[in-house]
Amino acid sequence: MGDLPKGDFSLTALHSSMLQKVVGSNRASDSLVYSYTRSFNGFVAKLTEVEKERIASMEGVVSVFLNGKKRLHTTRSWDFLGFTENAKRTTVESDIIVGMLDSGIWPESKSFDDSGYGPIPSKWKGSCETSKNFTCNKKIIGGKYYRSVGQIPKGDIPSPRDSDGHGSHTASTAAGRLASKASLFNLGLGTARGGVPSARIAVYKICWADGCYGADVLAAFDDAIADGVDIISLSIGGSSPENYFEDPIAIGAFHSMKNGILTSNSAGNSGPVAGSIANFSPWSLSVAASVIDRKFVTNVHLGNNKIYQGVTVNTFQLNNKLYPLVYGGDVPNTAAGFNSSESRFCENDSLDKTKVNGKIVLCDTLNDGTAVLGAGAAGTVMQDGGFKDFAFLFPLPASYLGTEDGSIVLNYINSTSKPAATIQKSTTIIDKAVPYVVSFSSRGPNPITRDILKPDLSAPGVDIVAAWSEATTITGLIGDTRVSPFNIVSGTSMACPHATGAAAYVKSFNPTWSPAALKSALMTTATPMSTKTNTDAEFAYGSGQINPLKATNPGLVYDAGEADFVSFLCSQGYNSSTLQLVTGNKAASCTKANNATVWDLNYPSFTVSGTSGQVTRVFHRTVTNVGNSISTYKAIIYAPSQISIKVNPNVLSFKALGQKLCFTVTVTAQIPSTIISGSLIWDDGVYQVRSPVVAHAYA
């Protein structure tokens, strides 16, 4: 129902009254699940389809949508970015509050110890849902949990305590304090730390074993905004694109932006499929996952002394003992009706336990290892043609080979009377091709607004070492008994809190900057990435890889506020009455003067789309001087032959800090079948403010 209405009256009573008109007075109280009353206006109710339509037709309702589920989307990573332990810090950092909307937190972790912390910042208005198994401290200053659909899943904990591990991992990556000698059973050994180690953390547990419900997402946003957090981090997303005001994450992020809080979102893990990005609202920061230069590999040592290198994170020690080696296709569980066409893939129950017990099994596809472990195997070697740019964890010794090496292993099995192998504990190698975006990271283009580039940037999200919950094992899979205070995990879920920590770091130097200014600083100072290792170009990495140190002082920023996004939404087909409800501003209307095109949104990137042929677009932009008070910037253009980029004026002369100057960019592009890109750099000899310029065809 949009923004909080003016006046002194009970929103909960209003919500109940609306429900009574639809479901009757007897059912209204049982139907109402949540009332959002702290930061925006809305409610959650149990309704039939007919009742939903009646609510949707009521005056004052922006949108009605299903309480759908979202999905949860390390020691080396910050150093890899050039952001070392001795980076310059401000005293303001300890007053920064990072709001983590995730699966909770493990408060006993060394990453969340509060030794030496001063008083909780006076701006904090939140609370801690203390219980016999959870308390807050001066590091974790707030903790709440949300469950809109009733019963807590078996194995989950009804408190802000993390029983999954994901929330602890993301929180420590964003704002965990320095934890020395962190590792996963000595793998990835080093000091684990967040981007803002002295910042405070407020936890909003919205994710459970069965997912993260939209009603809970919005409830957490409602509280986090009112509680006084400075940055919101959200490493979850949906499986299909939704319009901005039918997506609880986009809705929450809009109200967050309206209240001066940047929301950092993970891009999603459905890559490299085009248009698979899960979070793409222009008022939030959408983060792709890139690799760091440390890669975990696991050697398979055959009985003939040949060694083949696979990609897994294997903590198990077989001490070079050779085990009998069998092929899954040769040991089907025929008693249960399986044949070799199924057992070769090591499907559940497809393997003959008597022929597998105590042996290492070669499988013809990547799997989670539970079926092999359940059959009594000592280990597994998996092989297929899938991506090998990140490493999985498995509940037993495992290595993942490519098809060439996998075929050699199979030939060895077929040509030897007693084939044998051992799987060694993982080691690390240096990946010299970095930085590049990992295969699973969701790609653009933006599925709703084609001319807003998404993702915005990339951050480390592969093989990240960070805190973990000790209420679960390191894989959470059946048969795994390993418990560790730290874990090695990959995902855009891990990239998002890197960007969150970087944004919080920039805010500690620039406390008054708007969400858009923080976002602009991160985007325009990002390290450019190569199209040779990133064939999807900006659809993979956006503006490039984050550079926290440069972002604190970017020279110029592309700022934008609520009014700018309202103008943008007018161009997207939203009407005045809807926008007045969303913003709480009666003057928010879609007039001729206010109905700006998508190309006029003051965004730090430039995107042109079309079906075919030549397309020309004119972009209007305004930059604010945050560098040197007196400075002159010249426009430097990099463009391939298919794009013409003209800037007017091509010189910007500033005479004061905070001064704003406008310019236009005219882009003429011969629309390609995929994507072509150039860049605009404003350069004054000290600062280089870089924006990508992208042209692409409709998918």
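Don't overthink the numbers, they just go from 1 along the chain as shown.
Backbone N, Cα and C atoms are what each Cβ position is placed from, and that goes for glycine too.
Unlike curated records, TrEMBL annotations are generated automatically.
Copied over from TrEMBL:
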DOMAIN    11-73  domain 'Inhibitor I9'
DOMAIN    94-542  domain 'Peptidase S8/S53'
ACT_SITE  ASP102  active site, charge relay system
ACT_SITE  HIS166  active site, charge relay system
ACT_SITE  SER493  active site, charge relay system
DOMAIN    600-694  domain 'Subtilisin-like protease fibronectin type-III'
DSSP-assigned states of the domain 'Subtilisin-like protease fibronectin type-III' (600-694) in counts, ordered helix, strand, coil: 1 helix, 62 strand, 32 coil
Cα-to-Cα gap, HIS166 (active site, charge relay system) vs ASP102 (active site, charge relay system), nearest whole Å: 7
Helix, strand and coil counts within the domain 'Inhibitor I9' (11-73) (DSSP): 28 helix, 13 strand, 22 coil
Which same-chain residues, if any, lie at least 6 apart from ASP102 (active site, charge relay system) yet have Cβ under 8 Å of it: LEU72, ASP162, HIS166, GLY167, THR170, ALA171, VAL203, TYR204, LYS205, ILE206, CYS207, SER233, LEU234, SER235, ILE236
Least Cβ-crowded entry, counting other Cβ within 10 Å, from the active-site residues listed as HIS166, SER493: HIS166
